[in-house]
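Heads up: the structure comes next, in structure tokens.
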Amino acid sequence: MMNRFFHYKDRGGTIGKEITAGLGMFFLSVCGLFINMQLIAKLSISGEYAAATSQQIAVNGEYYALTWFLSMIIAFAGSLLIGLVARLPLVQVSGLGISTVLVSMIGIETGLNYYNLLFVCFISSIIYTALVAVPGVKQFIFRALPQPVRRALPAASGLLMAWIALQLTGIINLTASNITIYGAGTNGLTENENVLLSGGVALSQYSYSTDKYHPLLLIGTIAVIFTVILFLIVRQRTKRPFFISLMGGTAFYLLVSIFRVCFDWKTKKFALDSLWGRLWMVGSEDAMQTHLSAMLKSFSFTRVLTKGSDFSAYTEAGGSVALLFAVGILTFLLLNMYESEAALQAVSKATGVFDADEQKDVQKALLCNAVINIAAPLIGTTPVSIGKESVAAGKDGAKSGLASVVASIGFLVSIFVWIVPFIFATSFSYDISFNLYGHYGTVMQLMAETGFVVADIVMVLVGVSMIAGSMYPELKKFTETAPFMTTVAGTLLLSNLAAGAALGTVCYVITALAEKKEEGDTRSLLCRIGIPQLVWCAVSVILLMLMVIR
């Protein structure tokens, strides 16, 4: 019966592969959403944690719970929709690629708040939906986008994701991170109720002489190395390399942690001190499920339309609403298109069951993405993209939307309980005391500093596979290589796929003109480059200029 609907057997899949690939896609997505929650929450939380009162911390705990709740709802609805309608192995989740751009548009003294940006995203999503719904628009846009730039999208997106994920492992700790918080807005909570977390977990932050749980850091680093080695071993011997690497690396971390940290080999005593934080994710009075009533009371469909459409504070601070909308709409419109195209190209190559240029199923997938991006701002969460975790599922043997449905069931469960962080969490902030039972809000906020080094390194491997899959023979030509590399480098340096593609498009026009001039081509500019490419070059220049002006 399921095969008649999803056709996974007809595409060379099995029920076992669909389930395991869907679970792997779900596990990686939730770990990524946890990190995304930490990023978005900082839009509403400022100040020093050490100076926070218990009341302030409790307020922050409620906000973290709400952010998680909304992210899971939209991931569940988006993944279920795309699985049932497009029937392709894809998930839709709030990703760091779009969230970092969203965060970067809020400055400390701009007067903007989180809902202002969601309102801009909402308008952009309506336009995006209208464009996707019109037959042939996608084909026209991607015909206008120079071929080297289009082929570079998976590589650029994969490299940016891999770079961010590598930093999240804590092994590389840069002062200027790709997940920079440019400023702090306000998001429904009053200014004096918001307190910033002390920061992420990085190798340089640990003191081996004073930190009681410092072995966890070393174990996490070893687990990263173990996961990479395991992946290299199994990728040629199994059809589920990413799933096995994720589960194997996590099992290695947990087992070594128990035997190294929980068991004192000198006194031969066993203590669960280092596990209390993990256990209280699901079992304390501050666990996720205890916040449901408060979250439902604060839930509002109209807040983004009322509070989000009020730009009075922004205009009083000297901001131009017209310029903000021009930059925001064009950025998010192109970002949605490019992120979706990058994921679809990579999944298409990984699964071999559809063509990224195919009209029917791809059109359905894009329409599902557009529709869910209208819903996301309305419920108060960031826009979603077709997740790069889908690439891992494709590599693990997923062939149909059944894998998406499996992942969506996982998202549904995760709305109510932090079961995935409970299993896959690796390191916590080193200075946290875990004896917190009875302090409502405290566990929720402190656990929001959880790291996922094994999942992070698996996403690095996914990013690397996207880069490798983007290579093609014509890259030996300068006119192909220059736009391709400019797109990739621009995306990495600006942390923005839309900006990277814009730079690549401009580079393509310049190199094409130079090549034609050397060949003595006397035809007009329009004939040499092509009208669609010149139009898209103009759009790219406008985007870059608007980003600079703002």
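Just so it is clear, glycine is given a Cβ too, placed from its N, Cα and C backbone atoms.
Automatic prediction, not curation, is the source of TrEMBL annotations.
Outside the transmembrane segment (21-43) by six or more residues, the chain places 60, 63-64, 67-68, 71-72, 75, 89, 91, 93-96, 99-100, 102-103, 106, 114, 168, 179, 181, 184-185, 187, 196-197, 200, 240, 242-243, 246, 381-382, 387, 389-390, 392-394, 396-398, 402-407, 410-411, 414, 420-421, 424, 448-450, 452, 455-456, 458-459, 462 with a CB less than 8 A from a CB of the stretch. Annotation source TrEMBL lists transmembrane segment at 21-43 (among others).
The transmembrane segment annotation in TrEMBL covers 63-83 (among others).
The transmembrane segment feature in TrEMBL is assigned to 90-108 (among others).
The annotation transmembrane segment is assigned in TrEMBL to 114-134 (among others).
The transmembrane segment feature in TrEMBL is assigned to 155-176 (among others).
What TrEMBL lists as transmembrane segment is 213-234 (among others).
TrEMBL lists 241-259 (among others) with the feature transmembrane segment. If one looks beyond the transmembrane segment (241-259) by at least 6 residues along the same chain, the residues whose Cβ comes under 8 Å of a Cβ in the stretch are 20-21, 23-24, 27-28, 215-216, 219-220, 222-224, 226-227, 230-231, 234-235, 274, 392-393, 395-396, 423-424, 426, 453-455, 457-458, 461-462.
What TrEMBL records for 317-335 (among others) is transmembrane segment. Residues 97-98, 101, 105, 109-112, 117, 120-121, 123-125, 127-128, 131, 311, 383, 496-498, 501-502, 539, 542-543, 546-547, 549-550 of the same chain sit 6 or more residues outside the transmembrane segment (317-335) yet have a Cβ under 8 Å from a Cβ within it.
According to TrEMBL, the feature transmembrane segment maps to 405-430 (among others).
Cβ atoms under 8 Å from those of the transmembrane segment (450-472) belong to residues 27-28, 31-32, 34-35, 151-155, 157-163, 165-166, 168-170, 200-201, 220-221, 223-224, 227-228, 231, 242, 245-246, 249-250, 253, 277, 342, 345-346, 349-350, 388-389, 391-392, 395, 421, 424-428 of the same chain, restricted to positions at least 6 beyond its ends. Annotation comment: TrEMBL describes 450-472 (among others) as transmembrane segment.
The transmembrane segment annotation in TrEMBL covers 484-511 (among others).
Sequence-distant contacts of the transmembrane segment (531-549) (same chain, six or more residues past either end, CB-CB distance under 8 Å): 140-141, 143-146, 323, 326-327, 330-331, 334, 498-499, 501-503, 505-506, 508-509, 512, 525. Annotation source TrEMBL lists transmembrane segment at 531-549 (among others).
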